[in-house]
Amino acid sequence: MASYPCHQHASAFDQAARSRGHSNRRTALRPRRQQEATEVRLEQKMPTLLRVYIDGPHGMGKTTTTQLLVALGSRDDIVYVPEPMTYWQVLGASETIANIYTTQHRLDQGEISAGDAAVVMTSAQITMGMPYAVTDAVLAPHIGGEAGSSHAPPPALTLIFDRHPIAALLCYPAARYLMGSMTPQAVLAFVALIPPTLPGTNIVLGALPEDRHIDRLAKRQRPGERLDLAMLAAIRRVYGLLANTVRYLQGGGSWREDWGQLSGTAVPPQGAEPQSNAGPRPHIGDTLFTLFRAPELLAPNGDLYNVFAWALDVLAKRLRPMHVFILDYDQSPAGCRDALLQLTSGMVQTHVTTPGSIPTICDLARMFAREMGEAN
């Protein structure tokens, strides 16, 4: 084959240009990498923050346990962020919780259609989720990288939240879907709105035998709440699936690769107590993904429509980084408090991003508590 000098010269020129280009890129990257390294070193000198989200089905004893834990610390080093009851009942809408339970009851009694119930439930869940999502967004600029948990000094501040945004944007919508009062499309719409998971997101789920759970729920008094055993079973089921889903994802599970292992359409599996990270990776059929093999979400060829598949990608991305812990609530309030305190020693702290972040976060948390913490 003939050799063409012009091609040889072009090749040599291209090679030289590529070499210079690589050199220029390396030179350009050096200051950026040096800046990033400097930023990391500066961040590592910042105070640390521990964020703990106490979550799980209602009625286990989360609020009592949390308040007992907060009472152990001083006002300056531990701050409680309560559930936004005033927003739910007054600021965001009127009597949201009563509206939810009444709507479910009317659906169960055949007084309204599933479609009518879904409209009310979807609107109500938007109200339930808004305070969590916006608070997460306000805190996000102050959250730096993870500082680790082993041999870490005590954090400058511990924030104890009554629930994470996924409670209102994933778990309760999914439970209402199991109850027939929300569509799977609406559940995935909420999933798409889950904020990106911040570093150091420690979520505490609960374990409690069902009979003990029913007993505790029957004894508590919450505005607008009804004792709905079917809903209790549904939300317990969803939180069990949530714990499994995090384990599945952190164990390398891919819903896209394993989707074919789900047969037929969604059949909600029986509930089980949430499990810790120990043990083998759960099967995809024991995760939240199984709920979304629903006819409404499938194209004629049996595959998920792309828009719903993308929502499941968002779900996987949001859940994978979470640090999940399981608290045994089948003990006295003081025992629960001590067990929670023990769990915090293994939780992941984060550095804050500025010298003023800690007092700013304290102010934000206290403003939230004053404005939304209790119904007026």
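A Cβ is built for glycine as well, from the same backbone N, Cα and C atoms used for every other residue.
Site annotation (Swiss-Prot): substrate is bound by Q125, R222, and the candidate from Y101, Y239 recorded at this site is Y101.
Record check: Swiss-Prot places G56, P57, H58, G59, M60, G61, K62, T63 at the ATP site, and the matching candidate among R176, R212, R216 is R216.
Distance from the CA of M60 (ATP binding site) to the CA of Q125 (substrate binding site) is 21 Å. A distance of 12 Å separates the Cα atom of R216 (ATP binding site) from that of R222 (substrate binding site). Taking CA atoms as the reference points, R222 (substrate binding site) and G56 (ATP binding site) are 16 Å apart.
Using Cα positions, the member of the binding-site residues G56, M60, K62 nearest to E83 (active site, proton acceptor) is identified as K62.
Under the DSSP three-state reduction, G56 (ATP binding site) is assigned to coil, being neither helix nor strand.
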